[in-house]
Structure formats: structure tokens, C-alpha cells
2 protein chains.
Amino acid sequence: MKKRVLYLALAMSAVYSSTSFAEDTLMEQAQSQFKPIPNSPPALRNGKTITPEKIELGKWLYFDPRLSKSWLISCNTCHSIGLGGVDLEQTSIGHGWAKGPRNAPTVLNSVLNATQFWDGRAKDLAAQAQGPVQAGVEMNNTPARVERTLRSMPAYVESFKIAFPGENNPVNFDNMAKAIEAFEATLLTPNAPFDQYLKGDNSALTDNEKSGLKLFMDKGCSSCHNGANLGGDSYRIFGVAEKPSNKILPEKDKGRFNVTKKSEDEYAFRVSPLRNIALTPPYFHSGQVWDLKEAVDIMATTQLGIHLTDKENTSIVAFLKTLTGDQPKVEYPTLPPQTKGTPLPITN
Amino acid sequence: MKKRVLYLALAMSAVYSSTSFAEDTLMEQAQSQFKPIPNSPPALRNGKTITPEKIELGKWLYFDPRLSKSWLISCNTCHSIGLGGVDLEQTSIGHGWAKGPRNAPTVLNSVLNATQFWDGRAKDLAAQAQGPVQAGVEMNNTPARVERTLRSMPAYVESFKIAFPGENNPVNFDNMAKAIEAFEATLLTPNAPFDQYLKGDNSALTDNEKSGLKLFMDKGCSSCHNGANLGGDSYRIFGVAEKPSNKILPEKDKGRFNVTKKSEDEYAFRVSPLRNIALTPPYFHSGQVWDLKEAVDIMATTQLGIHLTDKENTSIVAFLKTLTGDQPKVEYPTLPPQTKGTPLPITN
């Protein structure tokens, strides 16, 4: 009887050690593939600096609908700070209620992406910010009109001077974009359960979430979705293993091919960053899938050529939900009043 | 020579005294007609209470575009906290880019108005809040769908329970409106130069602004525009002295007549509250006038049957600009995530 107790104790100890060993390995494996979201913005590329003055000016611009022709649409309309950095629409609605071609990617943690837009056509957030302001189906404005608008408001003029010291003509479209970039770089969501785990807190994930993490790495998801943002830094053909339906991958949108004109980029898209993914349906560039579980199944079949069991899928979704971090705290800015010189809104 | 100096000193003293007397009288006259904006919300009518829990819930609702059918339009779209509580549009743009019939009044200090809307058809802010959510040209939603939406999100359900304790069915359309009312009641703009003046600081207004204040009272503006909001608590026929143009007073909109069906209310509108008026063009229910000076001239001719000199008008406008107070500081809320049970947006 004593012997049996001893065996049992030994067996239990072995089980415990092996779990512990597996857990350590899992954490190490994760740490080798992913990085936590930083608490403060990383250095920008091309030597651009982030200053408090640029951030504050950028916040005004981000919330100011007067950057749009109609005065109805701001950056925050399609990338709402309160809704995971997105608009929760299949594809964004813009000037004249026009329906845009693609789903709005989240602004949160977007500074950590290697490129911007679904096709990566913008090299950074400043380049990105210039797009929607001018797009006919978005804000439908022109750089010249935006500049006239900003120059008509003394508080903006003063803020541009302070944010871009020493420049002869600081109120211009490029600086508008740079200030927006500086503000957007602050929109980070650190401290997700997965970040806590990556920093060594083994209790930050449940067993089911850990199973999901393991599957996410072992099945191959993390071969594309890795780094701090679990994506956002490479391109893959959507449907490399099995083509998705026309509804999810509309034929007319050839993705990165539109940028590079290379045949190998047909239907290639930027690998979606997965941070806060539970907050940002509907999924894919076409915005056709509302259910995260369904989106995971589609990824498995189209990109990896595998079928997940219901249990596997559930675990992966549980893991993906651990990517939701602390949402940014932003005080709504009081915007400068327009003047007689401000070009008036045009809504038709 | 000594005598002349003495005379001069006496004369100056007399001028000084008389100015001082006139200034005291002006302040007393102003204090008898106007009241400062309070620093905190007044008690609501009908025994409704404002609690921190209602305010916080109301803030979520105020910024949540999922109260609209399209998920694109929130209260803040037409009553932007950052733009003087308005949308700066002639008349608001709503669902499907529909153009509404009237200019959006400011939400700031609106709790101090006796009634809401240009025709006063809502007795308080809670009644007001139910309107735009349902209006086809605004948020285009239904109470039943709003309730389904709110009930589908656990964080909303919990917040309604806490904000409306002891109620069997707290998540309902009426309570939504009451919470929005509680939040809106906090959107006050105290501490304008005119408030400082009303509280006894004679130096808070310049001489020109004081001239404007005196004209505002002596010419008759303040016979309607008085109280804390300088308006918002009575109705007047637009054009009582001289009918404005059809452009400014479109024939088809008969104002308060639509509410009361009394012939004496044809073309009567609520007297506009003038707080922060410099921030909230374009003016009048038709939103046809962008220039405050022009708006003052129109009021003088149509309501008082007088013509102001350019100097008089300039002084009155200078006074009106002293009505701009401290704009509210609001942290953008992180909104609860939707669930599978949430009715999806419909944009067409």
C-alpha cells in the first residue's frame, strides 16, 4: 500500500514536471515568434520624430471632419478610437454614402506594420493618411483645399508652426499627414493577456488559450501571422492552398497586383495584423465574414490546406481573443473654429 | 493755471464717476436679464436624477454609432463635442446621405433650454434623444432594433442594470434616452468672458464688448434672448417685423405650427440660445447664413424692425463672441464589443 502511494506520488510529480516543461517550451516558442505591444511608440522610419506637439496637432486633425469635402467625415469615422480602431462596416462608407472597395483596417497598433493598406501601397502612416483624404469614395478632398482650410484657422497655423519649427511653410498637406502619423503612433494597445504571457506570466493564458496558441504555431498560422502585430509585415496570395469563394475574394480586386503589376502578386494581400481581432469584424478585405470562428476556418482551408476540428478552432479563437489589449484613452479635442476664409462644406 | 488744472481734474473725476456709474448700471442691468452658465448640471425636471452611472452609460450611447441602422451615425456625428456641439452643416446629413430639414442645434448647455428642437416639440433632452434615432433621414433605426442591439452586448446590459437599479427590464429605449440626457446635461460651457462679467468682473469685457451688450439690451435683442442660455425658453414668429427671404425662411417649414396646429404659431420657432454662437454657424433653422454679422442684421430687421449701423452690429458681434465658454473635456469611450446576437448594420 505504501509502495503504491509512492508510485502515485512519483507519477504525479512526473506529470507535473512534464507539463511544466511543455509550458516553458510553449512560452519560449511563442517568445521566439511574437513580441509584446510596446507601451510607447517605436521610432518612426525615415528619421521622422514624434513630439508632443505633433501628437496634439495630429489628434486635432484625426478628429476634424473639415479635412473632408463635406465636413462630415474624419479619420475617426472609419477608424473609431471607441470601436477597436475600425468602423465595423463590410467596406467603408464615404462621401455621398459611397461604398468603398475594401474593409477598413484598424488604426490601433498600425504603426507596427511594415506597410499600410490591404495592398501595402503606403510605406508608412504618413503616406497612408494622404489617401483617404483624397479618395472620391472617402473624404473626397484635395490637398490644395485642405491646405486652404487649415491656413484659414489661426489656431491650426500656430500649431503647425510649433509642431514643425523652423519650416518656412509649415501648414501643408505633407505635414498634416506627418502630424496624423505621430498621433496614430500613440494608438497602441499594450497589456493584452498574450502580452503578459510573452513577458513571462504563465497564468495570463488559460489552458484552452494555450492550446490555441500551440495550434496557432504548430498548424502554421504563425508562419505568416507573427511579430508584435501577428501580421502586417508580409504579403500572401489569398487562396494559396484553395481559392475562397468569389464573395470573399471578389475577382475584380487583385490586391497587391494593382501596386506592383507583377503576375505573382495577383490576389496577394498584406497578412492581416491580428491584434484586437475580436473587436474588428467583419473580416477579410471584402468584409464578408462576421464570425471569427468562420474566418479561422477559411484561413485554414485557403492558406494552409487543412481542416480544423471544432475543438481546434475553438481553442484558436480563444487564443485570438487574448490579443485584445488596453484600448487607448483619448480626450476628445476641442477643434479650432473656422473663419470667413475657410472653404465651406460641399455635401453634394 | 492752477485753477485750470483743478477744473480739469474735477471734470475728469466727473467723467470717471459717470463711466463708473454707467458701468455699474450696465452690469446690474445685465445681471437682471442673464445668468451665468453653471459649473455642474441643474436638477432635471420630472424628478429624474443624474448619477455618475447614468452619465457614463450615456456617454457610451452618445458616441455609439450602433444606435443607428447603418452603424455610421452617432449623436456625436451631428452634435460634435469638438465643434461647439454641432455639425457645421446647413442641415444635417443622415442615413443614405439624406439631407435633413433643419440645422442641428448645439447640444452644449442644451439642458438649460425650456424645450428641445427648433419647434420645441420635445419637452426635455430624453424626449429629444428618441427623435433622431428613429428619424428616417437621421439614424433611421427603430426602438425595438435598438433594444435588441443593446441587449446583445453584456457590458451594456450590466451598465443599464447599474444605472437603473431595481428595474425589472432596465435595457429599454426610454432608459437609453434618459442616460443620454444625463450625459448631455454635463455638456456645459461655463466661464465665458460674459459669465465672468455677470459674476462681477468688470474687466472681463472690453469697452467694445460692453457697448455690444448695452445695444443687445437697449435695442431689444434681450427681450427674447435672455436667461442663462440667452434664448431657448420661448417662441417667436420669424419675421414678426419684416418677413425674411424665402431662402432663409422656406415656406414649407411652418415651425411650431407643426406641433400645435394653431395659426398663431405659423412660422414661429424657438428663440435660439446664443451661447457659443460664434462656434456654431451656419445660422437659423435653415442654416443659410454663415456670417454672424449678417445673422445679426437679419434679426434686427426681421424681429425688431430696425437697421443697425455697421458700428452697432460690430459691437453686438463682439459681445456675442464673449458667450464662448470653456468647452467640455470628454474622454472618448471604449465601446462594448458586439456579439453574435447583435443585429448587423444595414447601409442601403
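Backbone N, Cα and C atoms are what each Cβ position is placed from, and that goes for glycine too.
Because TrEMBL annotations are produced automatically, they should be read as predictions rather than curated entries.
For the heme c 2 site, TrEMBL lists B:Cys221, B:Cys224, B:His225; matching the candidates B:Met139, B:Met153, B:Met299 against that entry yields B:Met299. It is B:328-348, from the ranges B:34-54, B:328-348, that TrEMBL records as region 'Disordered'. Under the DSSP three-state reduction, B:Met299 (heme c 2 binding site) is assigned to helix. Across B:Cys221, B:Cys224, B:His225, B:Met299, which the record gives as binding heme c 2, the greatest C-alpha separation is 11 Å. Cβ-based crowding with a 10 Å cutoff singles out B:Met299 as the top-ranked of the binding-site residues B:Cys224, B:Met299. The helix, strand and coil residue counts that DSSP assigns across the region 'Disordered' (B:328-348) are 0 helix, 1 strand, 20 coil. Non-local neighbourhood of B:His225 (heme c 2 binding site): B:Phe216, B:Gly231, B:Val271, B:Ser272, B:Leu274, each in the same chain, at least six residues away, with C-beta under 8 Å from its C-beta.
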